[in-house]
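Accompanying notes for the structure given below.
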Amino acid sequence: MGSSTNNTQSKATPSVLENEVNSSKSSVVSSTSSAKGLLRETTNHGTMETSSVQISESESRPSKMVLVLTLASSISGFMFGYDTGYISSALVQIGTDLSNKILTSGEKEFITSATSLGALLGAVVGGVLANLIGRRRVLLGSNIIFVVGTIIQLAARTVWTMIAGRFVLGWGVGIASLIAPLMISELAPAKYRGRLIVTNVIFITGGQLIAYFINWGLTRVSHGWRVSVGLCMVPPVLQFVLFWFLPDTPRFYVMNGNFEKARQVLRKVHVDPSDEFVNATIDEMIASDSTVPGNGPLQKAWKSIKIIHTTPGNFRALILACGLQGIQQFTGFNSLMYFSATIFETIGFHNATAVSIIIAATNFVFTGIAICIIDKVGRRRILLVGMPCMCISLIVCAVAFHYLNVDFSTGTVVSRGINGWGIVVIIGMILYVASYAIGIGNAAWVGVELFSDVNVRSIGAMYAACTNWAGSLVIASTFLTMLENITPTGTFSFFAGLCFIAFFFVYFLLPDTAGLELEETTDFLSNGFNVKQAAQLSKERKKHSKFAKSKPTV
């Protein structure tokens with residue numbers, strides 16, 4: 001009887017909520033409070049009988065449509081990865097092609113960091129526009145910007161033209177890096193969300209690996225680096241064509257009051273969902289869609305920014321999302337990806353690009369492993385193992401550089417070719433990259449799922465992406481200078497120290513949100529970070545999930 005009553009209520013609620021949304025703000029507040037009470041009951045008692053969590057466990061398998069949308073969105077990751085990979089080798093291969101002289105360390109830093117600066121600004125604009133015109137349209141715009149930036153680089157004959165091209169391209173990269181994980185998090189069922197978001201990271205690492213292989217093949221080709229730059233135009237053109245025919249996310253349609261379109265997309269992204277499941281899911285989205293006051297789009301965007309800072313649950317989610325992105329950047333990984341070829345060339349390897357492929361391949365393989373374990377093991381546990389491993393690996397590299405006696409200010413080495421300490425550097429970097437790829441390299445990108453309020457999610461994703469690109473800007477513009485001024489040993493020791501500090505951030509503040517619905521997370525963070533409670537809830541959810549699978553259907 002109780003179950004039947006609940007089902008009837010679930011079916012009725014969406015239509016009632018829609019009428020309330022259209023008629024009065026007070027009714028929405030009442031409905032939202034009711035829905036949050038329902039979620040709170042689920043959190044406190046571990047029961048799944050009165051919410052759509054039970055339904056999502058049994059029905060929310062990813063459909064072919066959600067896989068297509070995930071793959072299409074992840075092309076953004078490929079563009080980001082390809083850009084990171086090709087510039088590492090291009091900095092070695094450019095020679096005197098720009099301004100008729102060899103690039104200085106400062107010019108290399110300017111060329112590399114220009115993309116990060118553009119991406120930082122692009123992420124700000126993309127975060128605001130995502131709520132105003134939709135995730136899909138913003139992504140289409142980023143594709144056009146990406147192509148324009150690539151054309152400017154192809155035509156570059158001076159260092160500053162190259163810098164300008166990479167700055168423009170950075171706008172496209174920044175917007176795309178924000179929108180891709182946002183779209184995937186809003187489309188993916190909770191059970192598969194981590195794995196599907198990591199698909200975007202797989203595309204990032206795949207783009208890096210392919211760029212290294214292409215540059216390796218073009219090593220002896222005159223002006224071959226321009227060919228690898230030109231190939232940058234292929235992914236954005238492909239993504240533009242795909243998304244021209246694909247829909248936006250259900251949550252964006254709910255934000256704009258287009259409930260029927262949201263239902264249509266939900267039916268496409270789930271395998272044969274029942275009306276009860278679709279209605280309950282729309283109900284949760286409407287309940288979490290707190291009305292943002294304001295007359296114009298910019299005023300509403302400003303109100304969203306105020307809400308994310310003044311609502312405790314949203315603000316804690318913001319701390320975690322930005323903290324994870326900051327850890328990802330300031331532990332030094334992108335310094336290796338941007339300048340690995342420069343490092344290997346300086347420590348004596350004849351074909352630095354070929355050696356860099358080892359690093360990119362390690363990143364790709366261990367990101368694939370992360371897909372298999374991230375939802376089963378949990379982000380928190382992976383990070384608590386990965387961060388110490390990164391720290392130890394960086395210390396190994398610091399010791400090896402001490403005995404290599406490399407002077408990065410002049411680029412001189414003791415001997416040319418393979419030597420013992422050079423091999424130790426490679427081993428240390430491989431271990432570091434493996435630990436990064438399986439941990440913070442993936443966990444940072446799932447931080448957007450911590451924002452359950454749909455009105456602030458794109459703003460939260462914007463903050464997280466801005467943190468990422470601000471960190472990338474600092475790393476790209478200072479890494480070679482650090483190698484020259486505080487030595488490689490000092491530089492790698494510095495990053496090891498940051499890894500050590502990051503471990504305690506994760507240990508004390510990051511809860512395990514595995515199994516929580518997207519609409520539950522901010523409510524869960526409303527009265528604290530709840531690290532212990534999250535661990536207990538995760539265990540209870542797994543028990544319920546196993547019980548639901550083993551229980552025969554009637």
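A Cβ is built for glycine as well, from the same backbone N, Cα and C atoms used for every other residue.
Per Swiss-Prot, the residue from the list ASN6, ASN485 bearing the note N-linked glycosylation site is ASN6. Long-range contacts of the transmembrane segment (354-374) within the same chain, counting only residues at least 6 positions beyond its ends with a Cβ under 8 Å from a Cβ of the stretch, are 85, 88-89, 194-195, 198-199, 201-202, 204-206, 208-209, 211-213, 216, 336-337, 340-341, 344, 382, 426, 429-430, 433-434, 436-439, 441-443, 446. Residues of the same chain lying 6 or more positions beyond the ends of the transmembrane segment (382-402) and with a Cβ under 8 Å from any Cβ of it are 327, 331-332, 370, 373-374, 421-422, 424-425, 427-429, 431-432, 434-436, 438-440, 442-443, 487-493, 495-496, 499-500, 502-503, 506-507, 510. Sequence-remote contacts of a segment are chain residues at least 6 beyond its ends whose Cβ falls under 8 Å from one of its Cβ atoms, and for the transmembrane segment (490-510) they are 319-320, 323-324, 327, 330-332, 335, 379-380, 383-384, 387-388, 390-391, 394-395, 397-398, 401, 440, 479, 482-483, 529, 531.
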